[in-house]
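**Student:** Below, the features straight out of TrEMBL:
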ACT_SITE  D373  active site, 4-aspartylphosphate intermediate
BINDING   D373, K374, T375, E475, F516, K539, R572, T652, G653, D654, R755, K761, N784, D785  ATP binding site
BINDING   D373, T375, D781, D785  Mg(2+) binding site
DOMAIN    8-64  domain 'P-type ATPase N-terminal'
DOMAIN    93-157  domain 'P-type ATPase A'
DOMAIN    807-1061  domain 'P-type ATPase C-terminal'
TRANSMEM  258-282  transmembrane segment
TRANSMEM  302-327  transmembrane segment
TRANSMEM  838-859  transmembrane segment
TRANSMEM  871-891  transmembrane segment
TRANSMEM  921-945  transmembrane segment
TRANSMEM  957-976  transmembrane segment
TRANSMEM  988-1012  transmembrane segment
TRANSMEM  1032-1054  transmembrane segment
Amino acid sequence: METKVGRKQQSPGNAIKTYKYNVLTFIPLNLFEQFKRAANLYFLALLILQVIPEISTLPWYTTLIPLVVVLGVTAIKDLVDDLARHRMDKEINNRKSEVLLNGRFQEAKWRDIQVGDVVRLKKNDFVPADILLLSSSNPNSLCYVETAELDGETNLKFKMGLRVTDERLQEERQLAEFDALIDCEEPNNRLDKFTGTMLWRRERYPLDLDNMLLRGCKVRNTEECHGLVIFAGADTKIMRNGGKTRFKRTKIDKLMNYMVYTIFVLLVLVAAGLAIGHTFWWEQIGSKAWYLFDGKDQDASYRGFLSFWGYLIVLNTMVPISLYVSVEIIRLGQSKFINWDLQMYFAEKDTPAKARTTTLNEQLGQIEYIFSDKTGTLTQNVMQFKKCTIAGRIRSGLFTHNALLWCPWFQPVDFSWNQYADRKFQFTDHALVSCVRSRKDKDAVEFFKLLSLCHTVMVEHKDGELVYQAASPDEGALVTAARNFGYVFLSRTQDSITIREADQEATYEMLALLDFNSDRKRMSIILRCPDGRVRLYCKGADTVIYERLSPNSRHKETTQAALDVFANETLRTLCLCYKDISDAEYNAWSRKHKEAQVTMVDRDAALDRVYEQIENNLMLIGATAIEDKLQDGVPETIAKLAKADIKIWVLTGDKKETAENIGYSCSLLTDDMQIHYGEDPLTQRPGRKKTAEPFFTTPGKNALIITGGWLNEILYEKKKKRRRLRLHLLMWCVHVFQIDFVDMACECEAVICCRVTPKQKANVVSLVKKYKKAVTLSIGDGANDVNMIKTADIGVGISGQEGMQAVMSSDYAFAQFRYLQRLLLVHGRWSYIRMCKFLRFFFFKNFAFTLVHFWYSFFSGYSSQVAYEDWFITLYNLFYSSLPVLLVGLLDQDVNDKLSLKFPKLYLPGQQGSLFNYKNFFISLFHGIFVSLIIFFIPYGAFLQTMGQDGEAPSDYQSFAVVTASSLIFTVNLQISLDTSYWTFVNCFAVLGSIAIYFGIMFDIHSAGIHVIFTSQFTFTGVASNALRQPYLWLTIILTVGISLLPVICIQFLHKTIWPSVGDKVQRNRRKYELELEEEERKRAPAFQRGRRSRRSAYAFSHSRGYADLIASGRSIRRRPPTRGGPQDSIREVPQTEAENI
């Protein structure tokens, strides 16, 4: 795409449109969208059938009113949402910015800005479009922006214009004469990448994301800046990211849809059977009865055909129209409970838990596998410089508080001699500090000089203090360590770095900065030293550094031994090295580098190839070791989740040895486990003959540790050309291999995947979903966890030190890993139980209500006549029976939150799906059949040959309809009372209120007054008052309700006494356990024992790429999210005998 400076009339404008409707299109478009749902379309078809007089046996309003209520509630919600979008669009499009028009800056609305315009932004202005930064009031055209609207991060980012535009485009006149040609990528949604070149005055300059101000950013700490509009309106990156995200559905959702289809099939079969019955009845009886003659010349088959459609209308309530609306209300309420939970609120950062979706709550109660990142998820991602090795000698820096008490001579170093020292930094190796200060050890000097120079940290001077802005906590910790040892990073420009060494300032010319990415796993900087020498400094993972070391490099073996020691202590490690470069070698390489910088075809790969040519024959200096502390409550959380039979897999970037030590340190791995390393089991057993045959035949526990390299074989990720003839066979082998891998891994008690990339994390989750059909949850805190979070059935983001990318892509978000146990074991379990109970009862009450028509048909000649009054059919699901079951779906709980956490085994029914499945569905069906049978035949028997006290015979159809309806309302509301485990005033009010509403409405619509006004609609005049004053009819209602409920009471009693579930046992002893919990809280006895090993991780360079491109004035290399390490941290739990027995 090419952009010239100046307006292009054919280019798209900058106005945005996010709303869906306007005044004319709201009703037709909204109805069209709602009728795309099968249930709404089904009821619309029924409404059309009811308009046909020959078919309809029910008034049209019995279907219309419920349908209008459902459509109206949804339409109002959509309208409110769209009005908010209208207001937001109007406010944004009418914002004002200064645009260069006719040689001077003039105020213009955002919607009038076009591609090619030059705009001027001031402090705290929002960026109106995707703009190429040309110049700013800060030195070197540095511009600070806040990207909260893009990625949720509130920390400031740095953008920098090209040096050529900074020097030549400061004045209004210069900007008016600017006539460059921009050649760049097509509009896309990649927020982390931009590739382009600028042709100006016959020179070509590379452009990348660090030269761009994206729409949605806010200018901070910059008085004024100028930019050229590259993308406007719908073409901007933030608008391109406004597309639909992948819709996740729960297992219950899918099951519920299948059950609705099943009900529809049953409805058609029942209607067809009754239609056949009417055909035979009319032939044998109806056609011969003179009093049934209706004057229509219709044969029995045609009457049966009409009866079929009539029964589809009569029995339509078997398919519940209000089911989906009720489910959405319940899910919304459950999401609010998660948001309002103060026990998941992190006060330190003022961060509450957030349910970012309302459709997955009950799925939280069915999790079988958790895939967890480590750094920032299990750990705090707050780094401390712990140890280092310089020239083969290990230097220890920190000791625990207990060690300082026992060994008082190990006191922290006094850094008061250094005015720039960070007061929070602690180190106890006095000898290293003395060595560095004396400058006698050249290796130590180069070690800390490298740390102060080879990085992408930006520095600000605030109130006389140095404030470092680092791309990752690792880099910040390393630069801070160098700062305390006297090598202070002071400032930088596009082509220089100034540090303070030996109490003197030194400025190094920066020739090139080769930034970090997850493939390279290293970064390098090429500098011209004050003495004129050209030197390359490099730091990175040991696996990539050792491959590039010179044969003459010293201390390789001793440094490797030190790395093993650090790995055993699970510290994050980083190797440091350097290389002296001749001017001729640098000049030859620099030409290739500049060519790669301006290429528009696969620029990232071209730059990587150039980097490889200079990063070789390196000389090793040493290695650093950084500690990443564990978050509070992680061990307890992992122990609880393991007891709930949830398997936790840790996907980490650590190397194999470190991962194993991490596993032991957190008790994920124990001494009684047999550890298998990657390919061992599959090599011994390349393929199983029998699917059910286990991989591990020896008794005992097994654990699996695999690497990213071996996962390549499993996931078929090697990019090699293969012959087409072999491809099918090869893919079949890979498929078998994947099945074996998943089966083997799922048989293990613990699984750790080390050295994995972000893509591999997502692929591992996909394998378990594909072959185990299990419900999965992924949890992470960084950009490299986004793929994994999106792939899992449920994604959880932690708002930590690495920004908000994971949170923005997640379904649920909170600040600490420990809140996961409450999310699953409390909110997830409650949501699942409530939803299952709601669905079971909802289906039951509709079957009990509808199938009375079925029994009545045997006594009405299968003529599709209804057994109830029309208005009772209309209002049954809206008012008479909806509120109690809705409140059960919102508020019910078998045990409280504390007992839910004390007894993790209560979580098992959700994993097994035992509370709602086809078995439960058919139980609800047969329960409904039984209740409908009782509700019809007991009143039917009571009405045979009866006489009232006043000599009248209330054996008419209308009185019968009132008695059956009253019996149904009492039965349904008392049944939900029996199923309610947690009673509140609201539940009690709902049950009694529903019964009261029924009688109140019934007496009103049976009154003479309303009959006079609406004669044809209200035909049951005086029936309720006449029938319900008869005592024996009340006895009939009581007998009907009693017989309907008695079997349920007996079955529930037998289940709870003879076959009690875990929940029943806990409920039975609830008071006892609550007292025990209160006693435990008073004693505050530690329930967990910490393991001997420290909980740390390895590979201390696992961050996203830094500010290299920004600093180096225009380079673009890969911005792939990094692989970060992470074990599953756990600890040994003190046995709780009673909990285990239950």
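The chain as shown is numbered from 1 upward.
Cβ coordinates come from backbone N, Cα and C, glycine included.
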**Student:** The residue listed as 'active site, 4-aspartylphosphate intermediate' has how many other Cβ neighbours within 10 Å of its own Cβ?
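**Tutor:** Other Cβ atoms within 10 Å of the residue listed as 'active site, 4-aspartylphosphate intermediate': 32.
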**Student:** By a simple count, how many Cβ atoms lie within 10 Å of the Cβ of T375 (ATP binding site), its own Cβ left out?
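**Tutor:** I get 35 for this one.
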**Student:** Nearest to R755 (ATP binding site) by Cα distance: which of the recorded positions D373, D781, D785 is it?
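**Tutor:** Its closest listed neighbour, by Cα, is D373.
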**Student:** Quick check for you: of the binding-site residues F516, R572, G653, which have their Cα within 10 Å of the Cα of D785 (Mg(2+) binding site)?
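**Tutor:** Passing the 10 Å Cα cut: none.
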**Student:** In whole Å, note down how far the CA of R572 (ATP binding site) lies from the CA of D373 (active site, 4-aspartylphosphate intermediate).
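**Tutor:** Cα-Cα, rounded: 15 Å.
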**Student:** Counting only pairs at least 6 apart in sequence, do the transmembrane segment (302-327) and the transmembrane segment (871-891) share 3+ Cβ pairs under 8 Å?
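**Tutor:** They do touch: at least three Cβ pairs between the two stretches lie under 8 Å.
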**Student:** Would the transmembrane segment (957-976) count as touching the transmembrane segment (871-891), i.e. at least 3 C-beta pairs under 8 angstroms with sequence separation of 6+?
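**Tutor:** By the criterion, they touch.
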**Student:** List nothing but the one residue from R572, R755 whose Cβ has the fewest other Cβ atoms within 10 Å; the candidates are the binding-site residues.
**Tutor:** R755
**Student:** Where among 838-859, 957-976, 988-1012, 1032-1054 do we find the most Cβ pairs under 8 Å to the transmembrane segment (921-945)?
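**Tutor:** Most Cβ pairs under 8 Å with the transmembrane segment (921-945) come from 838-859.
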**Student:** Looking only at C-alpha atoms, tell me how far D781 (Mg(2+) binding site) is from T375 (ATP binding site), rounded to the nearest Å.
**Tutor:** 8
**Student:** Taking all residues of the domain 'P-type ATPase C-terminal' (807-1061) together, what is their mean pLDDT?
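**Tutor:** PLDDT averaged over the stretch: 89.
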**Student:** Just to be sure I understand the packing, how many Cβ atoms besides its own are within 10 Å of the Cβ of D781 (Mg(2+) binding site)?
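**Tutor:** Result for D781 (Mg(2+) binding site): 33 neighbouring Cβ atoms inside 10 Å.
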**Student:** Summarise the domain 'P-type ATPase A' (93-157) as counts of helix, strand and coil residues per DSSP.
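**Tutor:** Across the domain 'P-type ATPase A' (93-157), the residues distribute as 11 helix, 33 strand, 21 coil.
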